[in-house]
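Asks: Got these off Swiss-Prot a minute ago, pasting:
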type: BINDING; residues: His98, Asp100, His161; note: Fe cation binding site
type: BINDING; residues: Arg171; note: 2-oxoglutarate binding site
type: DOMAIN; residues: 78-180; note: domain 'Fe2OG dioxygenase'
Amino acid sequence: MLVCIPEVLPKSEVAEFRRLMDAADWEDGRSTAGAQSAMVKRNEQLPPDSDLARTLGRRIVSALTGNPKFVSAAVPLQIFPPLFNRYAASGGHHFGIHVDNAVRGDHLTGLRIRTDLSVTLFLAEPDEYDGGELVIEDTYGSHEVKLAAGDAVLYPSTSLHMVTPVTRGARVASFFWLQSMIRDAQARSMIYDLDNAIQALVERLGRDDPETVKLTGIYHNLIRYWAEV
């Protein structure tokens, strides 16, 4: 399940992020990659332990956990502290095909998560750079994603994916992972579809409609059945 989430951050906040990030020191992105990923990764990152990365990351997590579409699709249990990367044409930056590590640990907080879902939050407008598409492969083929600044995409961490070479400008983004309360991807997808159907019925029939109430009960009971907390 691939879900695009518009306007996670407003344009004004994206501009503030970019101003702070443009003034920061960046490091080789391979410092946070696993052995296989490091062989195909060419980009820059904000130092993950820097005050700036941690501060901006907390703001992203706060925005996402208040976003109903994100909560519905992810059913998040733990969110890894967001990281920040930059792909510049001047550096020939790209990230070859790879799959994310199954478990991520943060040595500052001691947090360890199973990576169920990956998130990319775009911080550069599509017309600021050429190339840099996020290409995600699943059973239905390849999907190219290049969203407006402030928008995010959520996709299974089990997916093979890549970032195509940037040939003009710079692609700036935040990326991170989360552990869902619902481990099984198919169950999580059904929960998301059910929630969307319930919200559509609420709009049409009202929250007090007996069938809407019944379906809402089924939704919560399915989460109760599947959730790991």
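The backbone N, Cα and C atoms fix where each Cβ goes, and this holds for glycine too.
Note that the structure is predicted; figures quoted are calculated from it, not measured.
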Asks: Which of the three DSSP-derived classes (helix, strand, coil) applies to His161 (Fe cation binding site)?
Replies: strand
Asks: Looking only at the domain 'Fe2OG dioxygenase' (78-180), what are its DSSP counts of helix, strand and coil residues?
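Replies: Computed counts for the domain 'Fe2OG dioxygenase' (78-180) are 6 helix, 61 strand, 36 coil.
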Asks: Would you pick out, from the binding-site residues His98, Asp100, Arg171, the residue whose Cβ has the largest number of other Cβ atoms within 10 Å?
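Replies: The most densely surrounded of these binding-site residues is Arg171.
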Asks: Give me the count of other Cβ atoms within 10 A of the Cβ belonging to His161 (Fe cation binding site).
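Replies: His161 (Fe cation binding site): 23 neighbouring Cβ atoms within 10 Å.
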Asks: On the 0 to 100 scale, where does the mean pLDDT of the domain 'Fe2OG dioxygenase' (78-180) fall?
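Replies: Here the mean pLDDT over the domain 'Fe2OG dioxygenase' (78-180) amounts to 97.
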